[in-house]
């Protein structure tokens with residue numbers, strides 16, 4: 001091969017790798033000798049990120065640490081990568097802020113509840129993937145939500161409490177508006193996967209992301225409630241009419257940060273209760289467990305299919 | 001005693017008990033047969049709240065479950081109520097959202113990171129204390145924060161990212177402003193306790209509560225940073241000049257909800273790093289552990305003193 005062609009090929013490769021690698025929106029990081037991911041208890045000075053995480057292609061995140069541990073066991077089984085003992089060590093064992101598990105190309109990370117909690121995790125996760133030189137990453141939030149019980153909702157757009165597809169980020173005391181669109185193609189691929197496994201109802205719809213579980217979502221059963229049932233139902237009806245199909249507490253900052261970092265992202269949540277009928281999550285433990293497995297099944301099938309294993 | 005006097009006495013008692021009991025700002029709860037505190041995995045239909053929690057007088061809350069477990073072991077030892085095995089069962093073992101421990105009159109509860117996470121916990125905690133018919137409750141957040149390293153800051157007011165002492169609560173899509181004042185008398189009592197134990201520097205000051213750890217607090221080391229070091233330092237200097245002595249992510253909703261519920265409340269946080277010198281939490285593990293014990297020591301001494309055990 002002539003040197004010119006080789007260089008051109010190299011440039012193409014670089015470009016394609018740039019297109020699919022993590023876009024780090026922070027020029028300051030280049031100047032740091034070491035980067036401590038405090039809430040993961042990991043650091044570039046103490047851990048070899050490319051060796052530990054370089055092969056990651058799919059990152060699944062969810063609120064509960066035990067659910068994310070269950071997910072890694074499930075996906076390991078599905079991909080035929082199960083450990084003999086069936087146990088998976090917590091990569092973030094040095095802290096109790098988040099839990100992280102890995103099997104093959106899949107990373108499973110917990111993020112706690114609410115925008116600030118997932119936002120800390122995403123900052124450190126995006127830096128982890130960048131330091132590990134990962135490329136072609138797909139990140140999917142698998143979570144729980146409310147509105148239509150049992151259904152799985154794949155988020156088209158994450159909307160705020162006034163049904164606008166935007167996230168307000170406060171930076172140095174000033175409010176900046178960021179887009180909360182998610183990858184349309186990925187949402188369609190996930191919907192197709194749901195049709196293929198054909199086990200539960202799945203829809204693509206808007207997801208309302210609130211800062212609060214009780215007053216923010218119009219519940220009547222919090223410690224504080226200064227509105228009546230009619231006002232609550234009116235609000236939920238307005239949300240539904242605007243296209244909202246479920247309500248949770250993390251999707252907006254998740255979409256905004258994945259957008260900025262150039263990572264293909266989706267939100268897949270099961271709904272645990274019908275908010276037009278009540279506010280308390282009173283279904284039996286078994287039903288709730290089965291519901292919570294639905295996003296795992298869907299995303300597990302998607303990962304298998306992406307890896308050509310279906 | 002004449003019936004009239006007895007009735008009057010009863011009314012006085014009722015009034016004094018009303019004054020110091022939990023003020024539940026939700027008329028809907030009276031109509032509910034059962035109340036499921038979903039994120040605690042506790043319910044009035046399955047648990048005898050007055051028997052389990054009726055004697056609680058002090059509630060300490062903090063982000064990390066393991067820190068709140070360490071606190072209950074510490075306070076048990078201090079109060080001479082230590083279990084022989086030294087182990088304390090997690091009352092919320094049915095869920096991994098929060099952890100809860102109890103010894104004598106002290107309840108210790110984790111709340112995760114950020115306003116939405118602590119807000120869910122506080123709704124369910126306030127209802128728990130109400131259902132348990134608790135009275136004369138003091139609730140103290142013992143946490144970590146940034147700005148002046150090693151110092152313990154007792155919060156006078158919690159301020160937002162624009163240094164205003166207010167919390168914006170979104171209710172049914174509309175923004176309501178709530179006060180974030182904390183109990184002045186309690187803050188003074190805690191400062192006096194710190195003088196008496198005389199082991200570390202403690203100040204009363206304002207605490208800035210942000211929705212984000214990285215951009216929201218002006219860090220240069222997140223995955224996203226679109227400002228420079230000068231703008232960061234300018235912002236932190238403005239915060240300091242306005243009276244801010246530490247920065248964390250939970251105090252505003254904590255103050256607002258305790259205010260509304262008529263619970264005497266304080267925030268006592270140790271600062272882990274000097275933000276004017278850097279953003280990364282890079283102190284040694286031993287130093288961080290010692291720092292994190294300072295609020296525990298201060299609040300432990302306060303509880304002992306309140307119980308007449310000093």
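Note that the numbers count up from 1, one per residue, in the order the chain is shown.
Glycine is treated like the rest: Cβ placed from N, Cα and C.
Predicted automatically and left uncurated, TrEMBL annotations should be read as such.
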Stretch carrying region 'Disordered' according to TrEMBL (options B:1-21, B:22-42): B:1-21
Against chain A, in sequence order - binding-site residues B:97, B:141, B:143, B:144, B:217, B:219 with Cβ under 8 Å: B:97
Cβ neighbour count (within 10 Å, all chains shown) around residue B:97 (phosphate binding site): 24
Assigned conformation of residue B:217 (substrate binding site) - DSSP reduced to three states: helix
Per-residue Cβ crowding (10 Å cut-off), top of binding-site residues B:141, B:219: B:141
Predicted model, mean pLDDT over the domain 'Nucleoside phosphorylase' (B:57-303): 94
Helix, strand or coil at residue B:142 (phosphate binding site) [DSSP, three-state]: strand
Cβ neighbour count (within 10 Å, all chains shown) around residue B:217 (substrate binding site): 27
Spatial neighbours, same chain, of residue B:144 (phosphate binding site) - Cβ under 8 Å, 6+ residues apart: B:63, B:248, B:269, B:270, B:271, B:272, B:291, B:292
